[in-house]
Amino acid sequence: MSSFRWVRPLQLTLALIKPDAVANPVISEAVHQKILENNFLIIRHKELHWRSTDSQRFYCEHKGRFFYQRLVEFMSSGPMQAYILAHEDAVQLWRNLMGPTKVFRARIVAPGTVRGDLGLTDTRNTTHGSDSVESACREITFFFPEFNTSDWYEKQEPRYRTGPVFYDEERSEHRLEGE
């Protein structure tokens with residue numbers, strides 16, 4: 001049982017563990033543990049494997065950029081994990097925990113971050129995270145179409161904020177007591 005008590009409203013963000021990290025169980029577990037150690041609530045979690053068309057749809061804003069094709073192919077190269085995370089400033093906190101996109105820079109200016117410690121290249125940089133609250137809502141819907149963000153904020157957020165909440169190891173998600 002966890003005694004999470006939050007002062008401010010919780011915010012949701014999407015976190016992806018990319019195929020390079022999921023391919024290595026030690027790295028995948030290390031990222032999962034960093035999420036828990038930084039007191040994120042894991043609202044939803046699933047493993048999935050994209051088709052190339054899924055990757056193209058998700059990264060359509062980057063079409064025409066030099067890295068687009070490499071990114072599309074990489075993101076459909078193997079299984080990945082998707083998380084809906086909650087925290088008071090979830091978007092910014094997850095971005096801080098990930099570190100800079102460019103792995104070489106992350107190693108120098110942000111050691112201790114996921115990308116600084118575990119990233120391989122600028123494409124194989126272990127993680128993705130939403131860059132704004134608006135992006136988070138859009139991206140959560142892309143990966144979890146059955147999840148209603150508005151409904152969660154209205155009905156579930158106050159309950160997760162005040163607890164009690166427990167971590168269900170079998171599902172790798174936090175749950176409200178009694179559910």
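Backbone N, Cα and C atoms are what each Cβ position is placed from, and that goes for glycine too.
Pulled from Swiss-Prot:
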BINDING   K18, F67, R95, T101, R115, N125  ATP binding site
ACT_SITE  H128  active site, pros-phosphohistidine intermediate
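If you measure from the Cα atom of K18 (ATP binding site) to that of the residue listed as 'active site, pros-phosphohistidine intermediate', you get 7 Å. Note: the Cα of H128 (active site, pros-phosphohistidine intermediate) and the Cα of T101 (ATP binding site) are spaced 9 Å from each other.
It is T101, among the binding-site residues T101, N125, whose Cβ has the fewest other Cβ atoms within 10 Å in the structure shown. Other Cβ atoms within 10 Å of the Cβ of R95 (ATP binding site) number 20 in total over all chains.
The secondary structure of R95 (ATP binding site), as reduced to three states from DSSP, is helical. Listed in sequence order, the residues of the same chain lying 6 or more apart from F67 (ATP binding site) and placing their CB within less than 8 Å of its CB are D122, T123.
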